[in-house]
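Features of the protein shown, as given by Swiss-Prot:
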BINDING   His84, His183  heme b b562 binding site
BINDING   His98, His197  heme b b566 binding site
BINDING   His202  ubiquinone binding site
TRANSMEM  34-54  transmembrane segment
TRANSMEM  78-99  transmembrane segment
TRANSMEM  114-134  transmembrane segment
TRANSMEM  179-199  transmembrane segment
TRANSMEM  227-247  transmembrane segment
TRANSMEM  289-309  transmembrane segment
TRANSMEM  321-341  transmembrane segment
TRANSMEM  348-368  transmembrane segment
Amino acid sequence: MAPNLRKSHPLLKMINKSLIDLPTPPNISAWWNFGSLLGICLITQILTGLLLAMHYTADTTLAFSSIAHTCRNVQYGWLIRNLHANGASFFFICIYFHIGRGLYYGSYLYKETWNTGIILLLTLMATAFVGYVLPWGQMSFWGATVITNLFSAIPYVGQTLVEWAWGGFSVDNPTLTRFFALHFLLPFMITGLTLIHLTFLHESGSNNPLGIVANSDKIPFHPYYSTKDILGFALMLLPLTTLALFSPNLLGDPENFTPANPLVTPPHIKPEWYFLFAYAILRSIPNKLGGVLALAASVLILFLSPLLHKSKQRTMAFRPLSQLLFWTLVANLLILTWIGSQPVEHPFIIIGQLASTTYFIILLILFPITSALENKMLNF
């Protein structure tokens with residue numbers, strides 16, 4: 001009998017082990033779809049980004065008009081741009097759901113997979129930030145100025161670091177050029193990290209909603225989950241195309257329709273919606289260095305999740321108190337997102353400070369305490 005090429009060919013064998021014959025728990029829910037959706041987001045962003053880069057000019061005098069040219073004169077340029085801009089939003093929606101799933105179902109106990117995932121999140125955030133600067137509108141320019149300026153809060157080397165990042169004494173042509181180079185490079189770095197992420201995941205196999213070992217009754221990935229993933233793709237690409245075609249500027253900032261002007265500051269400088277929660281935490285501390293540290297901690301705190309897991313059960317499926325706390329955390333993040341979009345005035349300042357404090361208290365203190373309490377309740 002001839003050998004099955006799918007199982008014997010060096011390259012096809014790898015694909016087979018990852019996408020076809022991969023043993024998968026039989027009970028993983030739709031919350032497990034977001035990993036593959038992130039893969040589709042990445043592919044979409046790289047393809048649309050590549051097409052946009054072919055028509056983009058990384059120069060302060062030409063960047064804004066080169067994008068206007070892409071939208072007006074390039075075949076379907078408007079569609080490519082709208083898909084790329086809104087694709088970023090969907091990328092973040094998927095990654096936040098993916099992380100939320102990981103927290104809820106205790107997936108962070110696969111430490112290597114979790115840690116590479118956080119590094120992926122940080123790289124994605126960096127990519128989105130440098131990408132937002134490229135259209136060289138008002139919010140692009142001032143967003144770049146405000147966020148890069150935060151590095152100056154680092155003692156002793158801060159100012160040098162900022163001027164080194166800028167390539168001068170303000171955000172100018174060298175900054176735009178290097179941001180374009182970084183925005184082109186980072187997605188490929190994300191692709192590499194994704195492969196590492198998957199390698200670690202396939203070492204242990206997938207977690208499942210019950211948080212128990214499912215080795216005894218695993219099923220092949222194809223056709224069961226390949227079909228389920230394709231349904232997921234359709235359900236994500238439909239709202240993405242709807243948004244890109246019917247309301248492409250819904251999530252953008254109107255300020256960005258004005259070319260960058262270093263002499264005019266916009267009344268409210270704010271990032272894209274997916275960074276607002278972190279921006280609110282940054283603003284809630286009246287000290288520059290303190291704000292920067294809180295901003296970094298808001299994401300880096302995820303590294304502590306495996307260490308703060310005190311429960312005897314892996315998932316929150318049978319832990320009602322932890323569930324309540326988890327959804328309180330979600331509500332809290334939505335409040336932070338709202339606060340980040342508001343001006344710095346009463347009552348938003350105090351709400352932001354309370355929500356920021358609550359965010360850290362829930363993750364660092366209340367989750368471990370609640371887990372310990374639930375462990376006690378198991379004995380009754």
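Every residue, even glycine, has its Cβ placed from backbone N, Cα and C.
Taking residue pairs at least 6 apart in sequence, the transmembrane segment (289-309) and the transmembrane segment (321-341) share fewer than three C-beta contacts under 8 angstroms.
A simple way to gauge crowding: the CB of His197 (heme b b566 binding site) has 21 other CB atoms within 10 angstroms, across all the protein chains here.
In the three-state DSSP assignment, the secondary structure recorded for the residue listed as 'ubiquinone binding site' is helix.
In this chain, the transmembrane segment (34-54) lies out of contact with the transmembrane segment (289-309); the count of Cβ pairs under 8 Å, excluding pairs fewer than 6 apart in sequence, is fewer than 3. Cβ environment of the residue listed as 'ubiquinone binding site': Lys17, Ser18, Leu22 lie under 8 Å away, each six or more residues apart in the same chain.
With a cut-off of 8 Å between Cβ atoms, the residues of this chain six or more beyond the transmembrane segment (114-134) that come close are 56, 58, 63, 67, 88, 91-92, 95, 98-99, 102, 107-108, 140-141, 143-144, 147, 175-176, 179-180, 182-183, 186-187, 189-190, 193-194, 196-197, 200, 271-272, 274-275, 299-300, 302-303, 305-306. Of the recorded ranges 34-54, 78-99, 227-247, the transmembrane segment (179-199) has the largest number of C-beta contacts under 8 angstroms with 34-54. Between the CA atoms of His197 (heme b b566 binding site) and His84 (heme b b562 binding site) there is a gap of 24 Å, rounded to the nearest whole number. Beyond its flanks by at least six residues, the transmembrane segment (227-247) meets 30, 33, 36-37, 40-41, 44, 79, 82-83, 86-87, 89-90, 94 of its own chain at Cβ-Cβ distances under 8 Å. In the three-state DSSP scheme, His84 (heme b b562 binding site) is classed as helix.
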